[in-house]
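Accompanying notes for the structure given below.
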Amino acid sequence: MALLVLGLVSCTFFLAVNGLYSSSDDVIELTPSNFNREVIQSDSLWLVEFYAPWCGHCQRLTPEWKKAATALKDVVKVGAVDADKHHSLGGQYGVQGFPTIKIFGSNKNRPEDYQGGRTGEAIVDAALSALRQLVKDRLGGRSGGYSSGKQGRSDSSSKKDVIELTDDSFDKNVLDSEDVWMVEFYAPWCGHCKNLEPEWAAAASEVKEQTKGKVKLAAVDATVNQVLASRYGIRGFPTIKIFQKGESPVDYDGGRTRSDIVSRALDLFSDNAPPPELLEIINEDIAKRTCEEHQLCVVAVLPHILDTGAAGRNSYLEVLLKLADKYKKKMWGWLWTEAGAQSELETALGIGGFGYPAMAAINARKMKFALLKGSFSEQGINEFLRELSFGRGSTAPVGGGAFPTIVEREPWDGRDGELPVEDDIDLSDVELDDLGKDEL
């Protein structure tokens, strides 16, 4: 099994990696400084790949993406964003895995996810299909270019997703909710509020889609709902406050553009997201997919069930789940297996010499790993992971230089282990007298 840690060539385990594209390619490199100008304000159709240099799938896509860019040159724009480097852009568009491809067509504020094949031909076909749709939209009177968002509440595509709150509805909707709320307190006559309105509306639709409704954007007319305005000390307009279950509201002091609002909302979503899954290694697909789709993959090898029983194993799993929650912002993968269940994995990582339980982390792209040498406890594992995230810790090459073979097995059923039952031997036909004579 392999764990994925951004690795280091010399002393450091984590290494800054160059992007996958260069200025000589037909793929246009996009960054936070040029994205709005190149893509959002453009009349062109854009295909944009969000990638991470360490991602194996991204590396395999690179030549096909370049091929498509060359074929579509001067017809459709093909770009790429190093989302590992430019977190804000990835977060703005809800990028959770790599590579993610989005098509920016007639409505640049609502890009579509590309779900097609990863070959140059499939990408070109999808681009031409999207281009045909863009032309149809223009024939039908829909704009294919940049929208400054000055239409106010006439922007029906996003108006519906801003939740209007009142003195009567606020507590039930916001304070009793498990969701995160961003609430704008406004005055209808306020010029700044009018400027914010279309940005807030567009952000509401995007945030609703990307967080599955877990972060909500709302608005309160503070000139009408004066109980709320007084309760939260509203003195100027617009004032935006963030409400989270069990916490005091805090002021939002970020930018007032759609992208700024969306970025903050996605940060809040990440903070409140459930911890990553802790998966048992029962086949090669789980092992490889978890490692290749995450920047870092953490694997624990727990003692045999006969050594710990269900209670002992569950106590180890609880520690791992707690740490997975603590490090969830890192977007790491978490795996576990039983001692002896994946022998090639243990051999490749040098696990077993220190006894069980054990833990390791691997940079799958460079096939290097770091081994937990401290105690397998919450404190010991936390120190190990913290050192890795700071780029410290010793590493070694994975044995064999390749992803270890993973054996398919049944998942743990959650119960105590049972010793194998020995078959009773039938001695009824044995002639004891004859045996005695033979021995003599």
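Cβ coordinates are placed from backbone N, Cα and C, and glycine is handled just like the others.
From a predicted model like this one, the values you see are computed outputs, not experimental measurements.
If you compare SER10, SER129 in Swiss-Prot, the phosphoserine annotation sits on SER129. It is 437-440, from the ranges 89-92, 273-276, 337-340, 437-440, that Swiss-Prot records as motif 'Prevents secretion from ER'. For the residues SER22, SER343, SER389, SER428, the entry in Swiss-Prot flags phosphoserine at a single position: SER428. Within the list SER148, SER156, the entry that Swiss-Prot describes as phosphoserine is SER156. When SER143, SER147, SER158, SER259 are compared in Swiss-Prot, the phosphoserine annotation sits on SER158.
In this structure, HIS192 (site 'Contributes to redox potential value') is part of a helix by DSSP. Of all the recorded positions in the list HIS57, CYS58, ARG118, the shortest Cα-Cα distance to CYS193 (active site, nucleophile) is found for CYS58. Taking the Cα atom of each, ARG118 (site 'Lowers pKa of C-terminal Cys of first active site') and HIS57 (site 'Contributes to redox potential value') are about 10 angstrom apart.
Around GLY56 (site 'Contributes to redox potential value'), a 10 Å sphere centred on its CB holds 16 further CB atoms from the protein chains shown. Ranking the recorded positions CYS190, GLY191, HIS192, ARG256 by Cα distance from CYS55 (active site, nucleophile) puts ARG256 first. Sequence-distant neighbours of HIS192 (site 'Contributes to redox potential value') (same chain, 6+ apart, CB under 8 A from its CB) are PHE237, PRO238.
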